[in-house]
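Participant: Before I ask anything, let me first share the structure, which is written out below as C-alpha cells.
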Amino acid sequence: MSGSKSVSPPGYAAQKTAAPAPRGGPEHRSAWGEADSRANGYPHAPGGSARGSTKKPGGAVTPQQQQRLASRWRSDDDDDPPLSGDDPLAGGFGFSFRSKSAWQERGGDDCGRGSRRQRRGAASGGSTRAPPAGGGGGSAAAAASAGGTEVRPRSVEVGLEERRGKGRAADELEAGAVEGGEGSGDGGSSADSGSGAGPGAVLSLGACCLALLQIFRSKKFPSDKLERLYQRYFFRLNQSSLTMLMAVLVLVCLVMLAFHAARPPLQLPYLAVLAAAVGVILIMAVLCNRAAFHQDHMGLACYALIAVVLAVQVVGLLLPQPRSASEGIWWTVFFIYTIYTLLPVRMRAAVLSGVLLSALHLAIALRTNAQDQFLLKQLVSNVLIFSCTNIVGVCTHYPAEVSQRQAFQETRECIQARLHSQRENQQQERLLLSVLPRHVAMEMKADINAKQEDMMFHKIYIQKHDNVSILFADIEGFTSLASQCTAQELVMTLNELFARFDKLAAENHCLRIKILGDCYYCVSGLPEARADHAHCCVEMGMDMIEAISLVREVTGVNVNMRVGIHSGRVHCGVLGLRKWQFDVWSNDVTLANHMEAGGKAGRIHITKATLNYLNGDYEVEPGCGGERNAYLKEHSIETFLILRCTQKRKEEKAMIAKMNRQRTNSIGHNPPHWGAERPFYNHLGGNQVSKEMKRMGFEDPKDKNAQESANPEDEVDEFLGRAIDARSIDRLRSEHVRKFLLTFREPDLEKKYSKQVDDRFGAYVACASLVFLFICFVQITIVPHSIFMLSFYLTCSLLLTLVVFVSVIYSCVKLFPSPLQTLSRKIVRSKMNSTLVGVFTITLVFLAAFVNMFTCNSRDLLGCLAQEHNISASQVNACHVAESAVNYSLGDEQGFCGSPWPNCNFPEYFTYSVLLSLLACSVFLQISCIGKLVLMLAIELIYVLIVEVPGVTLFDNADLLVTANAIDFFNNGTSQCPEHATKVALKVVTPIIISVFVLALYLHAQQVESTARLDFLWKLQATEEKEEMEELQAYNRRLLHNILPKDVAAHFLARERRNDELYYQSCECVAVMFASIANFSEFYVELEANNEGVECLRLLNEIIADFDEIISEDRFRQLEKIKTIGSTYMAASGLNDSTYDKVGKTHIKALADFAMKLMDQMKYINEHSFNNFQMKIGLNIGPVVAGVIGARKPQYDIWGNTVNVASRMDSTGVPDRIQVTTDMYQVLAANTYQLECRGVVKVKGKGEMMTYFLNGGPPLS
C-alpha cells in the first residue's frame, strides 16, 4: 500500500490540498488571474463580468451578457480543447494568481522561476484560442495528439458515448421535424452530386418539384406531445391573431353593407346574410377570448370562420347589382390573404380555402356574366389576381410558420441544454461538496468570480476551529490481509470498508478528512461546531471496531482497528493550486495521530482533553500510551482506554437506534450487498456473506436514482409546458416592447435584434418579383397595349432580375465570384441595406400597377353624352349611354369623343394591381411594421391622389359603362330604362378598399413582428439562463478538475454513483515520486505571533503552489499530481493512455526532470525566504492500481508495491538528494541521465535494496 500514511511535521498527519488564490493585477485581467481572455478553461469575451449574469429590471440583457452569448461555455459533452505548449491550461491548472513572486521584492524577477513566469505570461497573453469547431465530434486519437490532451479510458468513454449518442439522436429527430422546406431539394442535390457536379450544382427538375411540394407538407413534429407543446407555445398568439382576423372581417362585412346600403333598393337576403355573418363572428370573438377557450377549440373556430367567409363570398357575388365579373375581387383577395396570414391553420387547409374561394368567384362570375363579350379578358385577369394572391399567401404563411417552429425548437433546445447543464451541475455540486465542505467551496467559487486585489502571497483557504475532536483509525493486520489479495481485490476491499466508514461518519456527525493508505481519519465539530463532538468520535470509533470485526469474521484474517482520539484546536482548509483535498493541521492533529499509533487493537485510545468532554458517559481505564509511543512519552500525555458506556449512555443509544429502525422500516429495507466483485466471496457462502453484510448495512445494488431513470425528453417537455403556462404575453410585451413602434425599450436588446440575419431575404425579393410578373400579365390582358408599357415592363424586369440575382447569391454563395458574394452579404446581413432593397423592389411593383393609367383616354364620357343629348352633365345617367347613337360599351377600346388614346374600360384592375403591390409589401418580413405602414400609406396616398385628380374621369366613365351594360342585359332589347340601376362610384370605393387593406396588412405586420420579438426575447432569456447555468457548471468543473483527474471526474459525473461503487484502472508502468521537506516540522510552531501556525501554513502553501505551477507546464503534461501529505508532495506519470509512453519512456524522463526542477525551486525559495528547507525525493517505477475510494466522497489515489517503495525511497533518502530504485536507474541511465550508486539500503518490508542518486539530466550536446 501507499506509504502516504506518514506524517511529516507536528500537526501534519494529513494530506494537503490545493487552494486557489485568485489575484487581479493589471496583467491578470480575468477572475482567475489569467493574462488572456479565457475563463474556466474556455474562451470568454474580455470585459465581461466573470460573475453570473445580472439581469436588469425588465429582464433586459447587459452588454456583458451579450458578450457571453457570443462566446458560450462549451457543454460538458464536448471534448476538452487541445492543450499546447503555450496554453496556460496545458497539463492542468497552469495559473499564476499573483503578479510577482513571494520570494522577491516587488521589483524585477531575475531568477529561473522569473524567466519561467515570463515565458508563461507571454504564452498566455497571446491570441485566445477557441475550442475546436467540432466540439465533441473529434476522435479520441485526434484529441490525444493535439498537444497532449487527456483521453478518457475506454471504459469511461463507452458510457459517455452512449449517452451522447442518445442525446444526438433525439436532437436530430426533433430538428428534422422543425420544417420540411428548409432543406428542400436535398434529395435532388445529393443525386446530382453523385454525377460529378460541383457544390451547389444545377438542381434537377425533380429536386425543384420536391422543393415546391415540401412547402405543402405538414410541418407537424413527429411527436404528438411535442406538437401539442408547440400549439400551447403559440396558443395565446394564435388566439390574438384569430381575434384580430375576426375584427377585420367584421370591418369588411360592414363596408360591404355600407356599399350595398348606398345603392337602393336594398336586398333583404344580402343584408340578412351579412348581418348574420357579423353576429356570428362577434359571438365567436367573445367565445375565443373566454378563459374556457383552449387550444382544442382553436381548430373548430378556424374552420367555422372559413365557413362564414364562404357564405359571405357566395351571397356577396350572387345578389348585388349591377353585375360585373370584377365585382367582389377585392374582398375575395382580402379573404384569401387573411386566411393565409391571420388564420392559425395548416398550410394545406389555407391553400384549399384560398383555391375554393377563387374557384367560387370564377364560377359565379362565369354564370352571371356569360353573355359579356369581354368576359374572357376579365376571367383571365381574375385568375391571375387570385393565383398571385394565393402565391403571396403561401410565401407569407410558409416562412412565418417555419420561423415560429424554429423559434420553438431553438427555445426548447436552450431549455434542454439548460436542464442538462443543471443536472450535471447538481452532480458536480454534489461531488464537489462531498470532497470540500460547503463553506470552503463557496468561498473558492466567490473568489473565482470576484476580482482580487494584488497581494504578495496567494490567498490561503484556512479556518481555525477551537473545540473539535480528531479521530485517527488504522487497520492492524492489514499487511496479512493484503498478502491474501491481489492489488485490485485490495482496492475493492478498502473501497467497501471505507464506504461503510463514510456512512458511519455521517450517522455520527463526523467529517471524513482523508484516507491515507489503510488509515482513516475524521473530525467532529466541523464545519459546524457541536458540543458533543467528543461523544461523536467515540461512537464513531466503536462502530468502526464493530465493522472491522465483521470483516474479520468473513475473511478469517486477524484484522482489527486501532483508534486514537484527541480534542483540541485545528486549522482546516486546502493548500496549493491543484488537486485540492480538505485537510486539518495543528499540533493537536499530530497528537491524535500519535494516539492512534500508541493505541491498542480493538480499543479506543483517548487523551485527558477528550475525557473531559465526555462528562463521565463512558467507563475508562488508564491507557499508558507513553509505553507504546515515544511522542506521547516525550510530551507526558495522559491517555485512557474506553471500557464501555455507562447505563445512561446505553439508554440514550437505544432510543436513537429505535428511531433509526422506525425510519428505515418506513422507507423499506433492501437486501445489502458487497458490490459486483466480492474479494471475500470465496471464504464463505453467499447467504452467510449476505447476512454479515446486512449487519454492516450495505445497500441494494438494484437501487437506482429516480432522476437517472427519468426520461430527459419528458423532463424538458414538462419544464417547457410549465414555462408556457407561466409566461404572460401581455406582460412581456408591456415590459420589454414599446406599444406602437414595437421596438425594445432596452437599446442593447434592440441592437442585438436588429443584427439578426434573415436568410430568406432572397425568397422575399423573388416573391415580390413574381407579383410584378402577375401584375404585368394582368395589365397586358386587360389594358390596351402600348410601346410605353412594353419598354417600362422590360426595364423593370431587368432591374428586378438583377436584384433577385444579387439577393439569392447569399443562399448559394460558393457558386459566384467573390465581389458578388460580398455585395450579397452586405445587402442581406444589413437590416438597413435589405430594407432599402425591399423598398426599391416594392416601388417598382407599385409603379407597374398603375403607370399604364397615363396611357388611357381621359376624356369625360359624361360631357360627350351631355353634348349629344343637349342636357347638362349632372342629368346624364346610364340610360343615356344605352340610348346614344354612338356605341359606347365596355368592349370598345377606341377613344371616346374622338380621343386618340385608347379606352381603359376596367380601371378597377389598376386598383386590384395596387392591392397586389400592397401584398408584395407584406412579404418582406424583415421590414418593421412601422416601415411597412409608412410605405403602404405612401402607396395609398399617391394612388388615391392619382385616382381622384387626373384619373377620376377614367373611373367615372367605367361606372357609367358597367351600369349601362347591366341595363342592356336586364332590358334584353326593350326600351325601358330602370332608374334604380346605380352603383357606388369607384372613386369612392377605391380609397376605402385600399384603407381597409392597409389596416389589415399593418395589423398582420404588427402581429408578425410582435411574435418575432417575443420569440426572440423568450429564446434570449432561455439562452441567458442556460449560459448562467453553464457558467456555474464551468466553475464547478474547474474546481472538480482540481480535485480529480478529468477522466475520473467524467466517470463520476456520468451518473449518480453508489457509496461503495468502485472505479479503478490497472497501469502497467507508472513512475511515482514522493518529495518531502525533511525539516519542515522544525519550522512549524504554533505561537500567537504567527497566528497559531497559520503563517507557517501560508509559507507551505506558497511552496506547494510553486510546485503546482511547475507541474502545470506543458513539458510536464504527462504528470499527475496525486496529493500532498503534510509537507510531502506526491506525483506520478503514465496513468492513462495519453500520458503513458510505452516505447520512448518519456513519462519517466518527465518525472525525473520534474524532481530536479523541484530541487532547483526549493533552492530558489530558500534564497528568497531566508530559510534552509531540505528536500528528500524518492522515485520508483512499476505497475500500480489507480482508482477512487468512496464514490460519494471520492478520493483519487494510487496503490501497489511500486507506491510503497517510492515512499520508502523518500523516507530513507538523504536531504537535498533524489534517490531512485534499480528499475528507475536502468531507464534513466539508458537515456544518459547522470546517476551515482548509493549502495545497499535497508527498506522496511523489502529488506535490502540497491539504490542510486539522480544528479542531473542528459549532458547537453
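Even glycines carry a Cβ here, placed using N, Cα and C.
Residues or ranges marked as compositional bias 'Basic and acidic residues' by Swiss-Prot: 25-37, 151-171. Residues or ranges marked as compositional bias 'Low complexity' in Swiss-Prot: 121-132. Swiss-Prot lists 178-188 with the feature compositional bias 'Gly residues'. Annotation source Swiss-Prot lists domain 'Guanylate cyclase 2' at 1071-1210, citing sequence analysis. Under the heading N-linked glycosylation site, Swiss-Prot lists ASN870, ASN887, citing sequence analysis as support. Annotation comment: Swiss-Prot describes ARG23 as omega-N-methylarginine. Look at Swiss-Prot and you will find SER96, SER155, SER666, SER754 tagged as phosphoserine, backed by similarity to another entry. Residues annotated as topological domain 'Cytoplasmic' in Swiss-Prot: 1-195, 395-769, 1005-1261. Annotation comment: Swiss-Prot describes 196-216, 242-262, 268-288, 299-319, 325-345, 374-394, 770-790, 792-812, 836-856, 910-930, 935-955, 984-1004 as transmembrane segment.
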Participant: Apart from its near flanks, which chain residues at least 6 from the ends of the transmembrane segment (242-262) lie with a Cβ under 8 angstroms of it?
Facilitator: 270-271, 274-275, 277-278, 281-282, 284-285, 288-289, 298, 301-302, 305, 308-309, 312, 316, 320, 331, 334-335, 338, 342-344, 984, 989, 992-993, 996, 999-1000, 1003-1004, 1007
Participant: Which residues does SER754 (phosphoserine) neighbour through Cβ under 8 Å, counting only same-chain ones at least six apart?
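Facilitator: Spatial neighbours, sequence-distant, of SER754 (phosphoserine): LYS831.
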Participant: Restricting to the topological domain 'Cytoplasmic' (1-195), report the mean pLDDT as a whole number.
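Facilitator: PLDDT averaged over the stretch: 38.
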Participant: By the DSSP assignment reduced to helix, strand and coil, which category contains SER754 (phosphoserine)?
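Facilitator: Looking at the DSSP assignment, SER754 (phosphoserine) belongs to a helix.
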Participant: Establish whether the number of Cβ pairs under 8 Å between the transmembrane segment (910-930) and the transmembrane segment (792-812) reaches at least three, counting only pairs separated by 6 or more residues.
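Facilitator: Checked: the transmembrane segment (910-930) vs the transmembrane segment (792-812), no contact.
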Participant: For the transmembrane segment (374-394), give me same-chain residues lying six or more residues beyond its boundaries with a C-beta closer than 8 angstroms to one of its C-beta atoms, as numbers and ranges.
Facilitator: 215, 325-326, 329, 332-333, 336-337, 339-341, 347, 350-351, 354-355, 357-358, 361-362, 365-366, 767, 770-771, 774-775, 777-778, 781-782, 890-891, 905-906, 909, 912, 916, 919-920, 922-923
Participant: Six or more residues beyond either end and a Cβ under 8 Å away: which residues meet both conditions relative to the transmembrane segment (299-319)?
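Facilitator: For the transmembrane segment (299-319), the nonlocal Cβ contacts are 242, 245-246, 249, 253, 256, 267, 269-270, 273-274, 277, 280-281, 284, 287-288, 327-328, 331-332, 335, 339, 343-345, 349, 353, 356-357, 360-361, 364-365, 368.
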